[in-house]
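Per TrEMBL, the features are:
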- 36-282: domain 'G-protein coupled receptors family 1 profile' (DOMAIN)
- 21-42: transmembrane segment (TRANSMEM)
- 54-73: transmembrane segment (TRANSMEM)
- 93-115: transmembrane segment (TRANSMEM)
- 135-157: transmembrane segment (TRANSMEM)
- 198-220: transmembrane segment (TRANSMEM)
- 232-253: transmembrane segment (TRANSMEM)
- 265-284: transmembrane segment (TRANSMEM)
Amino acid sequence: MDSVTEFILLGLTQDPVKQKAVFGVFLIFYLATLLGNFLIVVTIKTSRTLGTPMYFFLFYLSFADTCFSTTTAPRLIVDALSHKKTISYNECMIQVFTFHFFGCMEILVLILMALDRYVAICKPLRYTTIMNRQVCSVLVILVWVASCIHSLAQIFLTLRLPFCGPNVIDHYFCDLQPLLKLACMDTYVTNLLLVSNSGTICTVSFIILLTSYVVILYSLRNHSAEGRRKALSTCTSHFIVVVLFFGPCIFIYTRPPATFPIDKMVAVFYTIGTPLLNPLIYTLRNMEVKKAMKKLCTNKYTSLIQRGWH
């Protein structure tokens, strides 16, 4: 039997009219994701007031969001208008690796942000000592290493799958779950390894994050009304992001080997929806980021006006 050299992605829909709608809607979503996250990255890099660890981690969350969305959105947009929706075997493997790399990075950065809030609220006097720049840099390096290990494990599982017959993937990107359906072998053990890797990362991380927020909320009773309000505002933003991202992830990666029609819409939510919403959630609920963005835009506008005069 010949090995499969390319796959056909069915995308979100095969209706030509709906495909045009998919192209328009998701192009706007993707451009908004790039703009929102780019604004956060530039604002944090250029602002002197956003030098705390929380914004250091937010910078990496926006970076991860941009890359995570870029692993799936461009192909979904291009395929919506193309007649030949094929992806080569090598491109498919690269997509599996990058998708899991940046997805894992996002999960681990969210944990670092929760850790930062825990130290800031529960151990305020030791905060600057514990969360110094050196510690934060080491934590981010560990995130990169852990993401790489997770992705290598995923790609190792994928590369072991033999494909010798059907090559039609009922999805808009390559991932292990839809690929398992096409493999010419018993995939029970592979699925168990998938659940123990991606599923465990999602579930354990979600439990850690929920526990950290419960501890933070419990410790807030000793703070002043103003301190409580500010801490609750920040933690609520983080909690919304966590629920939006982990809900769909747990649904996809912690179950027996089966695919459901709703899977594609659930995947849209965390691959395109979450990276789009994160910048909105963090900027609309955060006065410091809003002020820094306003200052950045004002400075750019002023410099452009001055250049115009000269």
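Cβ atoms are placed via backbone N, Cα and C, with glycine included.
The stretches the transmembrane segment (93-115) and the transmembrane segment (198-220) are in mutual contact, each linked to the other by at least three Cβ pairs under 8 Å (pairs 6 or more apart in sequence).
Same-chain residues lying 6+ beyond the ends of the transmembrane segment (21-42) with a Cβ under 8 Å from its Cβ atoms: 11-13, 58-59, 62-63, 65-66, 69, 73-74, 76-77, 80-81, 272-273, 275-276, 278-280, 282-283, 289, 293, 296. Over the domain 'G-protein coupled receptors family 1 profile' (36-282), the average per-residue pLDDT in this prediction is 87.
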